[in-house]
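> Below is the structure I would like to discuss, written out as structure tokens.
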Amino acid sequence: MILKEIDKVGIRDGISETIVTTFSSNIANAAPMGIIRADKNIKIRIFKGSDTYNNILVNPFLTANIIYDPLLYVVSTFSNLNPSEFRKKDYNNIAYYPLVSSVSFVLFECRNIQEKISSLTADLIPLHYEINSNMIKAPNRGFFSVIESCIHGTRYQLTGSDKFLALIKKHENIVNKCGGTREKESFELIYKYLERTS
């Protein structure tokens, strides 16, 4: 697969926010992850202790899903997606589980896996892609604030530091100003998840 095809999917230079799906023992898992692309190199960094980390060590394939639904980012950050959100597919006898609502996705093989103290890194080799929708969506600051708040929320859960709650509050203002109904619903759900852990 050539890199121009990866451009079509939406994974370009920089860090592309995706929901990565992996599986082990026929149980699919989803988690928001950044796909790192610099020129011709595509990589991922996965933190130790996550299901994604463990799955990659057992089955070194992942699917990067381009998703426009902020609610899926929230649920997959703090909980588990419903099994109905996944669809099982096969490519050259490789089973994989893209998300039903993905706009597009790429199946990657993870190579040169390097385990470090708190994470692993891997080179990503694209094997197959699909474009499920030609929907064009203009950037929405509220959508990106939901993603940023998910990141701050996980850091708050790890550290208990109020500085992350303050950052979430700033993003709440952006969501209220710029977000649509789905972004606002997603933000309310972030607070519900954080209340359960505080």
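Each Cβ is built from the backbone N, Cα and C atoms, and glycine gets one as well.
When I checked TrEMBL for this same protein, it listed these features:
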DOMAIN    16-132  domain 'DUF447'
DOMAIN    140-192  domain 'DUF447'
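Looking at the shown structure, can you explain where the listed features end up?
Note on the domain 'DUF447' (16-132): its mean pLDDT in the predicted model is 96.
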> Give the residue counts of the domain 'DUF447' (140-192) per reduced DSSP state, in the order helix, strand, coil.
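So the domain 'DUF447' (140-192) is made up of 48 helix, 0 strand, 5 coil.
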